[in-house]
Amino acid sequence: MNKGEVQSLLDQIQQPAGLSQEQREGLSAGVDSPWWLSVLLGLAAWVSSLFLIGSLVGPSVLLLDGPAGMGLAGMLMLCAGLWLFGRPGVFPEQMGLAFALGGQGLLVYVLADAMAASDELRTAAIVCLPLSAGLLLAPGSILFRRLCALLVFASIAVLLGSGPGLTLYGLLLACMAIVSWLLRSSWVSARYALHLRALTDAATLMALLLALYGHQGLLDVMSQHTSAITAPAGVWLLIHLGPGLLLLLTLGWLLRSELVRTRIAVLLAAGLLLLLTYQAPGLLISCALGLAVYHAGSRSWSVLVPAFALFYLAEFYYSLHISLLHKSLLLCASGLSLLAIRQGLKSLLWRPL
């Protein structure tokens, strides 16, 4: 958001929010500095934080030998980071992020090591899950909240392990993210809007990453490694049909105000496209998320989600579970279907002035 957009937004909210002139100047001060200066300040803050963290952790470990020293250093770093988040400016914010993440990492390491379990990764996830969930509600920058939400979802993924449950978890995150993006206008002014935005961003990223587990090559590998685990047939059916159903539901919600014949035509055309691309669930999930983030008006995700869609399209093309001729015919048919859908939508949705 540039300076002109910020000033226009402040003009709209100054009187309803009761902002004084000093508060308005403080809010608009963040857009006065150029982006390159913010980058330099962020780099300087991280370098300074690394020096300060090194000078803090070393004496703490020497004075208090063992995990107690590292735990104390982690607590001090975490408290310092949360305090720095309350200071205005890019430099304190980046320093607070470095201190908070460093302290959180030390606490997870110390607590996981104290549990002395055989599976270190799952133990770290058990410790990281409640700690990150608590820090998500603590004061902090939007980037810190996003990272905490991402750690929460990643910890759950580690605890689930590789298998059908992980694929279903990715579908659930995609559903949560799509619903949140589609209903963004209803929660954007809520009290916990920043926390909901952090959870939405983290769920979107995790859903895009976990969509890879729905592709046939990885499903075959999972079925071999989890032969002892008997999953119901309905679970595998949901894994294969879930991405397409998610895309159809997203389209149905976006077209809810259109004519019935328009909705039926679009959904039938989308169903034909699903039959051609059902073996690339990551592509279908990316398309559904792309429609949702575009509807919500998120510029950054409107660029990132198509990049994931291209990746999953390439993954499908270079996969080995079907022949190259079969894949080429499917992609050609999908492209022709998209062109036909585009022409049909132009004739259905075009309205003369």
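Here the Cβ of each residue, glycine as well, is placed from N, Cα and C on the backbone.
Feature annotation from TrEMBL assigns domain 'DUF4401' to 34-346.
If you look up TrEMBL, you'll see 35-54 (among others) marked as transmembrane segment.
If you look up TrEMBL, you'll see 61-83 (among others) marked as transmembrane segment.
According to TrEMBL, the transmembrane segment annotation covers 95-112 (among others).
Here TrEMBL flags 124-144 (among others) as transmembrane segment. Packing against the transmembrane segment (124-144) from elsewhere in the chain are residues 78, 81-82, 85-86, 93, 96-97, 100-101, 104, 107-109, 111-112, 115, 151-152, 154-156, 158-159, 194-195, 197-199: each is 6 or more residues past its ends and has a CB under 8 Å from a CB in it.
Residues or ranges marked as transmembrane segment by TrEMBL: 150-183 (among others).
Outside the transmembrane segment (195-213) by six or more residues, the chain places 136-137, 142, 145-146, 148-150, 152-154, 157, 162, 166-167, 169-171, 173-174, 176-177, 180-181, 184, 187, 219, 222, 243, 281-282, 285-286, 289, 293, 301, 305, 308, 312, 315 with a CB less than 8 A from a CB of the stretch. Taken from TrEMBL, the feature transmembrane segment covers 195-213 (among others).
What TrEMBL records for 233-255 (among others) is transmembrane segment.
Annotated transmembrane segment per TrEMBL: 267-296 (among others), in sequence order.
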Considering the transmembrane segment (267-296), which listed stretch of 95-112, 150-183, 233-255 counts the most C-beta pairs under 8 Å:
233-255
At a C-beta cut-off of under 8 Å, are there same-chain residues at least 6 beyond the transmembrane segment (150-183) that contact it? List them, or none.
121-122, 124-126, 128-129, 132-133, 136, 196, 199-200, 202-207, 209-211, 213-214, 219, 222, 225-226, 229, 231, 235-236, 238-239, 242-243, 246, 250, 253-254, 285, 288-289, 292-293, 295-296, 298
